[in-house]
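Report on the structure given below.
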Amino acid sequence: MTPVTVAEALARLKLTRLAHFTPARNLWHIMALGEIRSSKDLADNAPECFGPTDRERFDRQPDKVCCTYEYPNGYYLAKARKNPEFTNYPSWVCLLLDPALLLRPGTLFSPCNAATGGGMYLRPGGEGLLDSYAPSSKVGPWTRDSRHHPRAATDLQAEALVPGPIDLSYLHGIVVRTEAEARELYGALGRGGFVPARFRWIIAPDFFDRDLLSQRLRFGGVIRETNWTPPADPEEN
């Protein structure tokens, strides 16, 4: 039997985006470089943006960028927020990326958190991607029924590891928790000359609530997303 390609798997799943959490402070570095870099790249070239969760790359793939499917990994965020090194940087953003990144050569797929077993469940190819949408998860107790969001993985921590760097042409949206955060970040990036208007800005508090997001992805319910545009008066930013 001919193996399923990643392109064929993508067509079946109808994914519209990938999600990647990062501390809001990293936006300046990302915008200045025009790309999202892997943890190895950050460690080598921008150690000030190399966070504690990057050091704990138990998936053994430091040259890749971790992404989840359609919605972010709330479990990752909850863990990262508890790290003492992030105490003074409580704001995070979720970057929405083009799912075409999954076609990039060298991309690996895990049906669970990629760090599980030191990365032992990572595999390439379309079958690896489809494993994340099996009726029962290959690792752990997770199952999916008719209420499960069709584009969310069976294990909500399932990941794709995409070789970096990722050019900002693949960035389709910046998600923040509150309007106040949107105004603050948009204004600061604008003052830095980074033209934040070229990106779609979204307020989605549910993305940043692990338990609520998990419940609604598994059992149904509205996950709130509101497009945000800045006030007409730039002085209000």
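Note that Cβ sites are derived from N, Cα and C of the backbone, with glycine treated the same way.
TrEMBL labels come from automatic prediction, so no person has curated them.
Feature annotation from TrEMBL assigns active site, proton acceptor to R57.
The active site annotation in TrEMBL covers E159. The Cβ of E159 (active site) has C66, C67, T68, N73, F109, S110, N113, A114 as same-chain neighbours under 8 Å, each 6 or more residues away in sequence.
Residues or ranges marked as NAD(+) binding site in TrEMBL: H20, F21, T22, R57. If you draw a 10 Å sphere around the CB of F21 (NAD(+) binding site), it holds 21 other CB atoms from the protein chains shown.
As annotated by TrEMBL, domain 'DarT' applies to 16-209.
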Legend entry - Count of other CB atoms lying within 10 Å of the CB belonging to T22 (NAD(+) binding site): 19
Inset, instruction - Mind giving me a neighbour count for H20 (NAD(+) binding site)? Other Cβ atoms within 10 Å of its Cβ, every protein chain shown. - result: 22
